[in-house]
Amino acid sequence: MLLKLLLRRDRSVVTIYLVLIVLFIIPSLISPVFRTSRNFSNILHQAASLGIVSIGQTFIVLLTGLDLSVGSVMSLTTVLCASLMTKAPVTIFTTVLLCLGAGAGIGLANGLLVSKARLSPLIATLGMMALIQGIALQIRPYPGGYVPRNFGGVITGNLYFVPVPAIILVLVFVAAIAILRKTVLGNYLYATGGSEENARLAGINIDLVKISAYTICGLIAVVAGLVLTGRIRSGDPLVGTSFPLDSITAVIVGGTPFAGGRGGVEGTIAGALIIAMLSNMLNLLDVSSFYQYIVKGLILITAVVIYSLRRR
């Protein structure tokens, strides 16, 4: 009965979770290392940052856009944390607030470029990506620095045997669900993504919706960056390079098509876990990172083709 209700509600979400289960079972049967508790914990830590930033990316894809600057925001977050947290009188709390403010400001700028300057999301966020990447490289040209133990230890620790990054992922997920399903902004996001012209005729402030979505995405990218900082325990101006592609892939695979107006973060989490498990499995098989990019690209293309065929 429950499965029938889920299938009626959103068959694509159920399908992606079935794929996730199969993808977990097959490597577990092939490799004893894959099914160890240590490796499973490692997958959760890997999936946390990707899952969090993919949730923010979902807000943008729902509007038929994309945000290529999320990886640079994450890199900048690690650099700021490694550069400021250990310098008195700056505290950990102050640094976190500064990073969140920077993320909100970057997201706001993206939203203004897309809504007011009428730039395409691709051009606006690509330019912002280059700008933020340059700032991160200016602050710290090479990976280095460190974060206090009490910050890194908390972020990478466990709470009642549950990894803290996974808890943060769940909290961001619940907050995103609340925004998308229970607020006026969420309704406006789906309406705008479904048909911008109809939404405008209905009296929805399209520009404000876009600005809000990009600002939320910027904030969530910082949260993902903070989790990543706790994991690498240093600052790296290039550590977020792979996250734009990975987050977009997770969103599309999770059932939110580029056409916008449909989908949600429920499937995005499964998409992020699939990407994380694939990366983990390929690493265990000692597959080169270059080939891993090929696999991710093929997954993204396949997902887009499937959704395009379904719309015909």
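Just so you know, glycine gets a Cβ as well, placed from its N, Cα and C.
What TrEMBL says about a protein is an automatic prediction, not a curated fact.
Beyond the transmembrane segment (12-31), the same-chain residues lying 6 or more positions past its ends with a Cβ under 8 Å from any Cβ of the stretch are 3, 6, 253-255, 263-264, 266-267, 270-271, 273-274, 277-278, 281, 284. Look at TrEMBL and you will find 12-31 (among others) tagged as transmembrane segment.
Counting residues 6+ beyond its ends, the transmembrane segment (43-63) has Cβ neighbours under 8 Å at 70-71, 74, 121, 156, 163, 165-166, 168-169, 172-173, 176, 180, 189-190, 192-193, 209-210, 213-214, 216-221, 223-225, 227-228, 231, 243, 246-248, 250-252, 254, 256-258, 260-265, 268-269, 271-273, 275-277, 279-280 in the same chain. Per TrEMBL, transmembrane segment is recorded for 43-63 (among others).
Under the heading transmembrane segment, TrEMBL lists 92-114 (among others).
Packing against the transmembrane segment (121-139) from elsewhere in the chain are residues 60, 65-69, 71-73, 75-76, 79-80, 83, 106, 109-110, 113-114, 235, 237-238, 244: each is 6 or more residues past its ends and has a CB under 8 Å from a CB in it. Taken from TrEMBL, the feature transmembrane segment applies to 121-139 (among others).
If you look up TrEMBL, you'll see 159-180 (among others) marked as transmembrane segment.
Taking Cβ pairs closer than 8 Å, the transmembrane segment (208-228) reaches residues 48-50, 52-53, 55-57, 59-60, 62-63, 65, 67, 69-70, 73-78, 81, 96, 99-100, 102-108, 110-112, 114-115, 155, 165, 168, 172, 176, 179, 185, 188-189, 192, 199, 239-240, 243 in its own chain, all 6 or more past its ends. Annotation comment: TrEMBL describes 208-228 (among others) as transmembrane segment.
The transmembrane segment annotation in TrEMBL covers 290-309 (among others).
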Distant-in-sequence neighbours of the transmembrane segment (290-309), which means Cβ under 8 A and at least six residues beyond its ends: 242, 245-246, 248-249, 252-253, 257-259, 275, 278-279, 282
